[in-house]
Amino acid sequence: MIPTLEWTPEGVRFLDQTKLPLEETYVLATDYQQVAIVIRDMIVRGAMAIGVSAAMGVALGIDRSTATTIPELTTEVDEVCRTLAETRPTAVNLFWGIAQVRNLYTSLAARDTPIPEIKAQCIALAQQLYDEDIANLKILGANGAALLPDEATVLTHCNAGALAACGYGSALGVIRAAVEAGKKIDVFADETRPFNQGARLTAWELVHDGIPTTLICDNMAGYFMSKGRIQAVIVGADRIAANGDAANKIGTYSVAILAKEHGVPFYVAAPFNTIDPDTAHGDMIPIEQRAATEVTHFQGKQVTPDGVRIENPAFDVTPAKYIAGIITERGVLRAPYTESIAAAAQL
Ligand code: MRU
C-alpha cells in the first residue's frame, strides 16, 4: 500500500507528493500548523487525502494542547479548525474532516470529559476515518469495476488514486478493482498541467502497481477519442453539488465535453462525503486560484516572458448532464442526480 499519510506518535507523516516521482521522501508534521502548511503547499493533495489529513490535524492540535480547562481548550480548537479550513477552498472533504473531529470534541467537551480522554478519543476517530476511507474506496472500486468492459482503455485526468486518498483511490480504485477482477484494462493518463498530477503521480502509482499506462499531454485526449482508442473516462471529484455538478481538477470539464462528443461514457468516482448537500449547483463551488508561478515556471525555472498575464484556476466544474454515473460506495448514482443523491443520502 502506498503510504500517503500516517498517524505516528511523533506526529502525522506525509509522503511528499511535490517530490514524486523522482524522490520518495517523507515530511513529519509535529503540530497542526505544520499540517496546514503540508495541505496548503500540496505535499499532500487530493480530496480524500486532505480530508483525513485535516481530521488528523485537528486531532494533533488537540493532542498537543497544554490547556488545563475545557474553555481554554475550546478556544484553541476553534483556532486549529480555522487555520486548517483556510488551507484550500474547493474540496469539501477538507471541511468534512475538520467537522468530524470537531463535532466529537464538542460533544465530549459538553459532557465535561477529562482532557486526556478527549485527546485519546479524537486521535482514535482520526485513525478510524483513515481506515474507513480505504474501506469505502474498496467498495466504490468494486461498484465501478462492473461498469467497465472486459477489455478497455480508460482515460483519467489528474490523480484520483491512492495518493489522493489514504490508499487505493477513487477513479484509480475502480481501475484497480477491475484489474483485480481479471479485466484487461489499459490506462491513458492526462499529464494534468500545470501541477502535473497525471504525469508525476498517476503514472508513478500505476507503474508501481504494474497496470499498463500510457501518458499523454492534456491536448491529446480528443485525438485519441476520435480514433476510438478510449472506451471510458473515469475521474475523481473535489466537491459534487446536490444536483450532480462535479468540481475536479482543471481540464476535467474539457475532457467531459470531448467524451460526450465521441460517445464515450464519462464517470465520476468519489466517496459519498465528496457530495455537498449545502451546495445546490456547481456555480456555488469555490474555485481555488493558485500561484502564477505554477504556470510560468517549470522545475523552478521561468519558461514564459516577463509581463504576460497569468490565470491559474485549479479546478473546473463539469455539469451533471455530461456525467454518465457517479460511482460511490453507496452504489452508482444515475441522472437525475438530485433524486439519486437524495435517495443515497438516506442509506
Ligand atoms: O489540486 P489537487 O491535486 O488536490 O486536486 C486533486 C484532484 O482534482 C483530484 O482529481 C480529486 O481530488 C479527486 S481524487 C480525491
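From the backbone N, Cα and C atoms, a Cβ is placed for every residue, glycine too.
What TrEMBL says about a protein is an automatic prediction, not a curated fact.
Substrate is bound by R45, G46, A47, R88, N248, K249 in TrEMBL, and the record lists one more residue there from Q197, Q302, Q346, which is Q197. Filtering R88, N248, K249 by Cβ distance to ligand 1 (under 6 A) retains the following binding-site residues: N248, K249. Maximum intra-site Cα distance, substrate binding residues R45, G46, A47, R88, Q197, N248, K249: 17 Å.
Secondary structure at Q197 (substrate binding site), taken from DSSP and collapsed to helix, strand or coil, is helix. By a simple count of nearby Cβ atoms, those within 10 Å, the most crowded of the binding-site residues R45, R88, K249 is K249.
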